[in-house]
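*Asks:* Before we start, here is the structure in question, set down as structure tokens.
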């Protein structure tokens, strides 16, 4: 099989298929027993899946009509969609209890296959199933049906558009032409589960093929279609697991959240009248739980410190460094049946087991971590559960390695356990939740940390306790944040040491703080991809930019909406390189569907503009089939082109978040909360700046009152170079000059005279007099009211003299008027003046100054924004504008830095500092320290020269985090100097 057919190693771990029956009886002695055989498999889709799907398709209808209640209560026809779904599920569960018994676990394993952690991954994907079906049905792979199965990602040669992008539906089309049976089969749910257990244990095609062949012989096409959806764990039945759990038992969702065990939900909660005992609401050894999460950053440190709930007796809170790794829980129990006497299991935040990667015992040959934990626990420790972060550690640099290298490092450690230089996994533990049979989640964090320090013996750079600092004020947080900036760390986490551990909850007891970088909105946003746009030029033929959405919360959802519905939010086309595009294609292949404007997928995606369908994508994808990407942006702006009425300005791709699915992507309400926090923070910063300015204001002596434009007795010094540029011209100068150079009225008159011109004190004293003014004085207003005289700004006089000086030796040339030279223009003059500059206001006749270039006209800004928007629609940014709006510093290679460069290096507008990839940690820390010592100032990105080169090659600005310099222990820095 190729990479498109079989799951990656991490998704197909070598773990047991399930517990033996005797072990199950011992573990669950009071589990319910069914009194009769399970229902036939076809009952699942005939009485559950199909009815739920029909509810999803039908319009909701008028509220008043649906709310009519007859004399015998409310009929199913009068229920709203959510109530009708519950009604269908309730009837199925009621029938199961009556005809089968109280053990609904066999059915739930097929209804919610993605929640079944007891059955291993099958290790096969769509292409492998297609190949086996071609063999089973003896179809020519080059035939129409063979092509449709093996190339299901492409539009079928004759398949219905309804099945395009739906592999199970494509299989139904093909199987329907050559079924082994047309009526439903006789396989029971229990029998299907047994066969699926065998299929999950099979690792080769010759083992999988006979199992799939038996399903083909005993099922009709519709049964096989649903079976394939179960194998792929892509059910799409029109109801979420929350609805099923809620109907089954009021404590079901809670128990699943703390155990991630579908089996426990079904067996321990089989009686809806018996609620969970208090002791059963906590965590259990060797059962995965959903961990506590840190709350999002708030608008001010003062508020965050207040949320730590300090008291007079105990005002302390803790500061921890935020690690850039994968959240991991470790379970350990004494077990004499395992070599070494200890059994281990590892789970990620999303309940994915990684025991196969890190080890199940001290002598596990595949254990990239556990082989080092022989002496990692204190005497007397029999069992524990630890919460921490698994990161990649680079022993050569003695520093964390970049995000995304963890699994590679773990696999490398498995293959070469004696390497002392290769990257390795390091578990940083920050909490203990269970010790020697006692649940510690109800104890305070301070007490849990004491227990952790007594129970664990750290193993250097393999298994360590994550340090913390005690603090009482926001100043200490700011100091820690400056240290984070200097060390290029992820951020901080503030923790309340008086708080219990809150399972499956994002609470203010833990709050994350991140440094704010130049040119960025603040928080990285994890957005779900819901649409794609084909590119042009080098990007042509593929989806090169993506429509991202915000998950709709219950509070924003319309009645009857899909649980996975999203609002359109922004288009992202910048920051992707070739590998990023390939990775997204790999995870979404075959799941894209062409957007049909006549039948838009409003159950999943809601665009702006209603029927106009603003920013309509070329292709769309269901949120549950899609990927989550991390996006950075310059700011948030209003836009009627996106459903929320807001969008991101200049969004840029950072990385793919494979640790998240659509359910954990950013929701509408979460984004609005983040936006509110950022805006409040900016307001407070502006207020602080204003207050500090007021403190520094100095009193100045009052100037004597003068009449503007009238100062005849002023002593005029030399006003500038002399020449003949104004020979034969008459001037009436009304005011002084304020820009680009300040000159008094007499100084301007002297400048005119020195260059061959004559000046007068009225506009009627000589013919064709040029009137000059920079402010609307009484005389200037009078001339303007007459409307028959052009009034020129003094800047034209200054520009003429300056250009004549630049062109010394050439014939004198009088500059034509430009729009910037006109204080007032008579009718018809505007077009003449406008023709003397380009679309950006750049003169055709004179040299543009650096001051004018730095003061970018609004037209250029708008053009840049249009070009940036075109990037997000699949076009390329012109190379010359790739680094527009950035201020990049290239430090000098010499140790002796000039005073001017030292001043430049601390300039507040610097966004990036480019250094040599081999620079030492000493030099890098010194660079970061320059900005970390400046409170309130945004931090520039420190990157290697590879960022410039790779961005240039990719024709887009790539994420800076990928190009951060490695941190070394010693040595002399080698700053990069171009050329």
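Numbering starts at 1 and runs along the chain as it is shown here.
Quick reminder: no glycine exception, Cβ is built from N, Cα and C everywhere.
Grabbed the feature section from Swiss-Prot, which reads as follows:
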- 1-39: region 'Disordered' (REGION)
- 322: active site, N6-AMP-lysine intermediate (ACT_SITE)
- 389: Mg(2+) 1 binding site (BINDING)
- 490: Mg(2+) 2 binding site (BINDING)
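Could you give the neighbours, burial and distances for every feature on this list?
*Replies:* Classification of residue 322 (active site, N6-AMP-lysine intermediate) by DSSP places it within a strand. Counting only residues at least six positions away in the same chain, the Cβ atoms of 294, 489, 490, 491, 492, 493, 512, 513, 514 sit under 8 Å from the Cβ of residue 322 (active site, N6-AMP-lysine intermediate).
Secondary structure from DSSP puts residue 389 (Mg(2+) 1 binding site) in a beta strand. Within 10 Å of the C-beta atom of residue 389 (Mg(2+) 1 binding site) sit 21 other C-beta atoms, taking all shown protein chains into account.
In three-state terms derived from DSSP, residue 490 (Mg(2+) 2 binding site) belongs to neither a helical nor a strand segment and is classed as coil. Summarising the environment of residue 490 (Mg(2+) 2 binding site), the number of other Cβ atoms within 10 Å of its Cβ, over all protein chains shown, is 19.
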